[in-house]
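Working notes, structure below.
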2 protein chains.
Amino acid sequence: MDTNSVSPLPPPEAPLAMMEVEKSPPGTPTTNDMPPPPDEEKRYEEDSENDWNCGSWFEYLLIVILSTILLVGVLILTLFWILFYRDGFAWSDNPALQFNLHPTLMVAGFITLSGFSILLYRLCRCLKHIYVKLIHMFFHACAIPCVALGFLSVFDSHNLSEPPKVNFYSMHSWLGFVTMGMFVLQFVVGFFSFLVLLCCENRTYKCRSIMVPIHASFGLVNFMLAIATCITGLVEYERQNAGNAVLSSRNSEIEHYIINALGIVLVAIGIIVSVAVRRSNAPATAKVYVTERC
Amino acid sequence: MDTNSVSPLPPPEAPLAMMEVEKSPPGTPTTNDMPPPPDEEKRYEEDSENDWNCGSWFEYLLIVILSTILLVGVLILTLFWILFYRDGFAWSDNPALQFNLHPTLMVAGFITLSGFSILLYRLCRCLKHIYVKLIHMFFHACAIPCVALGFLSVFDSHNLSEPPKVNFYSMHSWLGFVTMGMFVLQFVVGFFSFLVLLCCENRTYKCRSIMVPIHASFGLVNFMLAIATCITGLVEYERQNAGNAVLSSRNSEIEHYIINALGIVLVAIGIIVSVAVRRSNAPATAKVYVTERC
C-alpha cells in the first residue's frame, strides 16, 4: 500500500460524523492506535486508511466537475432567462426590471456561492485547515451583499409598483425569511465558534467540538431550504405570469421550459451537494492532528 | 457506568456512516477491540459506548414526539383543507373532486408513511434488525397504493376535465415523475438487496454492505425530493386558484394561509427527518454482531 498517496474521499464505510468533529486540542490523541504525527506536513500522508483507488478518484473528480457545472450553470441559466426573456435589470426607476435583480442575486448568493463554499470545505484537501475555513467564510461573506441586495430589490419593486404589492404574503416569502434568518445565524455562529474562539484553542475545544456537527447539519438544511425557496419562487412567478400577454405565446412557452429546467438544475444541485457531503471527507478528520494556533 | 442501559442515540461524535454499514457476516468482528457477544440478547447491553444521559434521552423523545406530530399533522391539515375548502372527494364523475384525492394520497404515501418508515428504521432500537427491516418495508409497501391511486386520480382529472389538461407540463409534474421513479427503484433495490439476498447471507455480504450507504443516501434524497414536489404542487395550485371566484375572498384568504402552513409543516418535516437521520443510530451498528439467518 502506498502510504504517500493522498486520497480525496474516505471509503463508504468511513465514519461521517467523525469528519465533523472539531480537531483535537494539540497533544490530545483522539484514537489510541495512532500516534500524533511529528509535523503538519504528514497530515494526509500518515492517514493510510484514506488510500483510495482509481474508482474513488473518479468519484471525487465526477463530484467536483458535475457540481461546478451545475453551480455555474444555474447562474448562467438565470442570467440567460432574465436578459433574454425578462428585459434585463434596472434600479428603482422600473419596479419590474428591479425585481429581476432578485432571482439573479439570490441564486448567486444562496446557491452558487454557498454551494461552492460547502463543497470547498468538504472537498478541499490540499490546504491547511485554517485556510479552508477562511475560504469557506469568504464565499459565505461574498454571498451576504448578494442576498442583501436581492432582498432590497424585491422590497423596492413591491413597494414601488402600482398598486403596491403586499410583502411577506406568499409561501416563497415565508420560506425565504426563514432561510435568510438561518443563514445569518449560521454565519455569526460559525464566525465566532470556528474563527474567533480559535484564539483560546485549548479552552474552547469542547465548545467548538459540540458546535461542529450542529453547524454542519443546519448548514446543509439551510442550503436545502434555499433550494426549496428558489423553486417555490420560480413556480409562483411562472404561474403568476402564465396568463401574461406581454410576451408572445411562443416565447412564453420557451420561458416555461427554461423555468422548469432551472427547477430541475436546482434539484440536481441539492442531490449532488447532499451526496457529496455525506460521502466526502472534511479537511481535518478526527484522526489528524493539526497544530494550528492563532 | 450502567452497562445495561439501552441508549437511543449515539453522542454527536459517533460515526454516522458506521451506522449505515450492513452488519458483518457472523463471526467477523469489525473492530479489533470488541469481542463478539455470545448471543443476540446482548446486542445493546454490550455496547457500552452507547450509554446516554438524560439529555440524550430527551433529544430522542423530542425527535420522536415532534416528528409524529408533524407527520400526522400534515395529513390532518391536508384532509382539513380538502374537506372544508375543496368540497371533499369523488371518483371519475367529477374531475375537480377526483383531483382532490391527489394531494391527500400523495401526502399520505410520500410524506406520512415514508417519513414514519425512515424514522422507524433509524429510531427503533427495541426490536431485532430483521423485524425493523420488515416494518420499514411494510410502511413503504403501504405507500405504494396511495401513490398509485394519487397518480391515477390526477391523470383522470386532467383527461376528464373540459377541455382536457396537458399532462407532465408543470415543474411539479416533472419533479413528481423523478420522485416516483426513484421511489420504485429504491423499493425494488431495497427489497432484493436487504431481504431476498439475506437467503445467502455470507456470500452476499459485500454486495449488501456496498448497497446500504447508497440506499440510505438516495432514500433521504428521495424524501427531500418528495417534499419539494409537494411544495411546488401546493404553490402551483394556490397561484392557479388565486383568482378563482368560486370561493368567497374571505375563504380564499384563509385557504391561502392553510396552504402556506402546509408548506411550512412540510419544510419542518424535511428538517426534523434529516437532522434525526444524521444524529440517530441504526438498529444494528457496525459494532454489533447479529446472527440473523433466514
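Glycine is treated like the rest: Cβ placed from N, Cα and C.
Annotated features, as they stand in TrEMBL:
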type	residues	note
REGION	B:1-46	region 'Disordered'
TRANSMEM	B:60-84	transmembrane segment
DOMAIN	B:66-278	domain 'Cytochrome b561'
TRANSMEM	B:104-123	transmembrane segment
TRANSMEM	B:135-155	transmembrane segment
TRANSMEM	B:175-200	transmembrane segment
TRANSMEM	B:212-237	transmembrane segment
TRANSMEM	B:257-277	transmembrane segment
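Of the two recorded stretches, the transmembrane segment (B:135-155) lies close to the transmembrane segment (B:104-123), with three or more CB pairs under 8 Å once pairs fewer than 6 apart in sequence are set aside. Proximity of distant same-chain residues to the transmembrane segment (B:60-84), defined by a Cβ-Cβ separation under 8 Å and at least 6 residues beyond the stretch ends, is recorded for 8-9, 52, 100, 103-104, 107-108, 111-112, 115-116, 119, 123, 255, 258-259, 261-262, 265-266, 268-269, 272-273, 275-276, 279-280.
Within the chain, the transmembrane segment (B:212-237) has long-range Cβ neighbours (under 8 A, six or more residues past its boundaries) at 17, 20-22, 103, 106-107, 110-111, 114-115, 118, 170-172, 175-176, 178-179, 182-183, 186, 189-190, 193-194, 259, 262-263, 266-267, 269-270, 273-274, 277. Mean per-residue pLDDT, taken over the domain 'Cytochrome b561' (B:66-278), amounts to 89.
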